[in-house]
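Peer 1: So TrEMBL lists these for the protein:
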type	residues	note
BINDING	THR53, ASP125, GLU150, LYS180, ASP184	substrate binding site
BINDING	151-153, ASN185, 214-221, GLU237, ASN272, 293-295, ASN340, HIS347	NAD(+) binding site
DOMAIN	185-346	domain 'S-adenosyl-L-homocysteine hydrolase NAD binding'
Amino acid sequence: MEFDIRNRELAKSGSHRIAWAERDMPVLRKIREDFARDKPLSGIRLAACLHVTTETANLMKALKAGGAEVSLCASNPLSTQDDVAASLVVNDGISVYAIKGEDNDTYYRHIHAVLDKKPHVTMDDGADLVSTLHSRYPEWVKEMLGGTEETTTGVIRLKSMAQKGVLGFPVIAINDSQTKHLFDNRYGTGQSTLDGIMRATNRLFAGSTVVVAGYGWCGRGIARRAQGLGARVIVTEIDPVKALEAVMDGFHVMPMAKAAPLGDFFITVTGNIHVVGSDAFDVMKDGAIVCNSGHFNVEINIPYLESISVSKSVLRDFVEEYVTRDGRKIMVLGEGRLINLAAAEGHPAQVMDMSFANQALGAAYLVRHKKSLPKDVLTLPEEVDQEIASRKLEALGVQIEKLTGEQKEYLASWEMGT
Ligand code: NAI
């Protein structure tokens, strides 16, 4: 079996942590049991490009139980947990190609390593597998059953491929399931982003000013949690509806250039490029801390900051200080890569349970429908969302109401008024 990981000796620690996450993943656990019985992925080669975390390990184990031959590479150079990679190789016989801190060449060598296995199904977080397949393995595209995509940025890239008519197989936008973005993006990113900043800096949020760029699913979660820690929160947005929502949720809303001199912490979660750029860096106050939780490391214009700096030094793990020509010190965390995975452990298992239930069921859905699905970006049927939410509620011991016959009739009628 081929693999490329930091150190096999780390497997024991990895397996303990994977088991810890599994305790909080009852929905995925049930799917793994079903998969072990029904083998819906039998004979399928599945290539995954995901953050190599304890929760991902549980997903890989479920896919393998379902009969898939699984290989895994990292979806970000800084997000791999080396002990998890070791445990998957040593204890589960899964080909993993991921090393925390790998350089760009190694990152892409690992992507090629999983694609060289000629997968039938891809599982992406950011669409790097699908885009590399189309550009470098065009002859294999027609053999594919399809792919799944975890995150907002990946879905945007794939929709652009579909619109331009170049997407060669169906891809399920896992992010678009309600049981994914409502929980993972909001509560998961909300908590783990602040966790990453706290672990990296050990700074106090209470009394500080936090600027959150983007008030989408992730931004809402981060802003609310920063406020809960006692911070004054400023939101920046380009969408008037989201900006209005932020105002009514009680946040200050203003352009980045105006927020820049006020902020102690800057957190970008837009999926867009250079959201913190020259207009912000030129007026940011001495001591400001800047980080990103969006998918790619393009949200902060680090090259610009470098161009106005006279020195750069590492102060702590994941904290790099730039001294600007006018003497200000500006700290960038985790090289501008998603801070919740670079400096912390990513989302808690409780939310990844639902995200990865969608991933596992998405892979089975692609296999079940063979090649009958359109070459487009698709969402899982609503029943899958309902099923995952019901299973999660059941695991939490929460019961809900059922519609009575009279209520069903009332909701279906138009005749009944006042
Ligand atoms: P979303 O589409 O719900 O929200 C993004 C928001 O940013 C939108 O409201 C948009 O109007 C706003 N925006 C775009 N350009 C902007 C600009 N220049 N200034 C201010 N606001 C701007 O997306 P979502 O789901 O919140 O995801 C955001 C990013 O986070 C994506 O890159 C996504 O892939 C990533 N993500 C990261 C996770 C993590 O673990 N760190 C987890 C989930 C998503």
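Each residue, glycine too, has its Cβ placed from N, Cα and C.
All annotation found in TrEMBL is predicted automatically rather than curated by experts.
Could you give the neighbours, burial and distances for every feature on this list?
Peer 2: Under the three-state DSSP scheme, ASP184 (substrate binding site) falls in the helix class. Counting only same-chain residues at least 6 apart in sequence, those with a Cβ under 8 Å from the Cβ of ASP184 (substrate binding site) are HIS347, VAL351, MET352, MET354, SER355.
Long-range Cβ neighbours of GLU237 (NAD(+) binding site) (same chain, at least 6 residues apart, Cβ-Cβ under 8 Å): GLY214, TYR215, ALA243, ALA246, VAL253. For the recorded site, GLU237 (NAD(+) binding site), the DSSP three-state label reads coil.
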Peer 1: To the nearest whole angstrom, what is the C-alpha distance linking THR53 (substrate binding site) and GLY294 (NAD(+) binding site)?
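Peer 2: Checking the Cα atoms of THR53 (substrate binding site) and GLY294 (NAD(+) binding site) gives a distance of 18 Å.
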Peer 1: Roughly how many Å separate the Cα of GLY216 (NAD(+) binding site) from that of LYS180 (substrate binding site), to the nearest whole number?
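Peer 2: Taking the Cα atoms only, GLY216 (NAD(+) binding site) lies 14 Å from LYS180 (substrate binding site).
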Peer 1: Since the record lists GLY216, GLY219, GLY294 as binding-site residues, which of them has the fewest other Cβ atoms within 10 Å of its Cβ?
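Peer 2: Counting other Cβ atoms within 10 Å of each of the binding-site residues GLY216, GLY219, GLY294, the minimum falls on GLY216.
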Peer 1: Taking the binding-site residues one at a time (THR53, THR151, ASN185), which has its Cβ surrounded by the most other Cβ atoms within 10 Å?
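Peer 2: When each Cβ's neighbours within 10 Å are tallied, THR151 tops the list.
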